[in-house]
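J.: The transmembrane segment annotation in TrEMBL covers 20-46, 58-80, 100-122, 142-166, 194-219, 240-263, 269-292. Summarising the annotation, TrEMBL assigns domain 'G-protein coupled receptors family 1 profile' to 39-290.
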Amino acid sequence: NSSDLSAPSFLLASIPGLEAAHVWMAILLCSVYLLAVTGNCAVLFIVKTEASLHAPMYFFLCMLAAIDLALSTSTVPRVLSFYWFNTKEIGFGACLVQMFLIHTLSAIESTVLLAMAVDRYVAICHPLRHAAILTNATTAKIGLAAMARGVIFFLPLPLLLLPLPFCRSRELSHSFCLHQDVMNLACANTTPSVVYGLTAILLVMGLDAILICLSYILIIKAVLRLPSWRERLKAFSTCVAHICVVLAFYVPLIGLSVVHRFGKDLAPLVHIVMGNVYILVPAVAHPIIYGVRTKVIQRRILNLIHIYSH
């Protein structure tokens, strides 16, 4: 009953008029998900088995691959269950757990991208000190700090929603649970949730984006001081893959935020597509980008394809 003072469950969003196409949408989504899983597992396997890739930049890449696997796996199987078996309902507790995982893993990924930007800055601006500054132990500590930061900042989000009554429509605007989406269905004062959610986003993703930009300003300054264009291009080419990875993460994040903030009158299809883009595009793009830009990874992937094709 929508007049109840609590919401034991929510309804995942479906596209009005396209219910008959759910099977085909599920096949497309499943194909993209399997591509993401295959690509990221391949990156983890190659970095683990290739001694020449046992360096901070590639350990950070492994962290990204693990995060992308966890993020896509925390959402896509549930969406596929909805599309294939019409299990539209998701329990309140399960929704809060999924929401926590999505926001926390996104925060961890943002921190790792910042660490990769710092790695590029040290490698280009202080090459002689790079090995001493970014050791394997330091890389592991950065990974643990990224996890702790994500959990500390985003654990309060579901806790703030837990005591709220939900007496409006229980239908979400996405095929999975996001904080702002769930919060908008509450029929009580959500100011603490709004303020804390915005503060957490600004202090994590917002601050990370600013620091990444600052790192690249310093990198560009250092590169422009090199004597020849060939040296400048060679130095900056080491950053191209990271820049593409950053864009693959932040562009869908910003797009989803804009849709939430200004797209209340947009068609449901836009919300659902933007949500799936936010979850799957980085997971698919990251291994492709590094596979194209890193010859060792590219060669090992081609060898694996050759082996399994015969």
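Every residue, even glycine, has its Cβ placed from backbone N, Cα and C.
Curation does not apply to TrEMBL; its annotations are automatic.
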J.: Across the domain 'G-protein coupled receptors family 1 profile' (39-290), what is the average pLDDT of the model, as a whole number?
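T.: Across the residues of the domain 'G-protein coupled receptors family 1 profile' (39-290) the model's pLDDT averages 91 on the 0 to 100 scale.
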J.: Between the transmembrane segment (240-263) and the transmembrane segment (142-166), are there three or more C-beta pairs closer than 8 Å, counting only pairs 6 or more apart along the chain?
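T.: By the criterion, they do not touch.
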J.: In the same chain, who gets a Cβ under 8 Å from the transmembrane segment (100-122) while lying at least 6 residues past its ends?
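T.: For the transmembrane segment (100-122), the sequence-distant neighbours (Cβ-Cβ under 8 Å, at least 6 residues beyond its ends) are 56-57, 60-61, 63-64, 67-68, 70-71, 74-75, 129-130, 133-134, 139, 142-143, 145-147, 149-151, 153-155, 157-158, 176-179, 200, 204-205, 208-209, 211-212, 215-216, 218-219, 238-239, 242, 245-246, 249, 253, 279, 282.
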J.: Could you tell me what the rest of the chain brings near the transmembrane segment (142-166), counting residues at least six beyond its ends with Cβ under 8 Å?
T.: 4-7, 59-60, 63, 96-97, 99-100, 103-108, 111-112, 115, 179, 182-183, 185-188, 190, 192-193, 196-197, 200, 203-204
J.: Which sequence-distant residues neighbour the transmembrane segment (20-46)? Criterion: at least 6 residues beyond either end, Cβ under 8 Å.
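T.: Answer is 14, 53, 61-62, 65-66, 68-69, 72-73, 76, 79-80, 82-84, 86, 276, 280, 283-284, 286-288, 290-291, 296-297, 300-301, 304.
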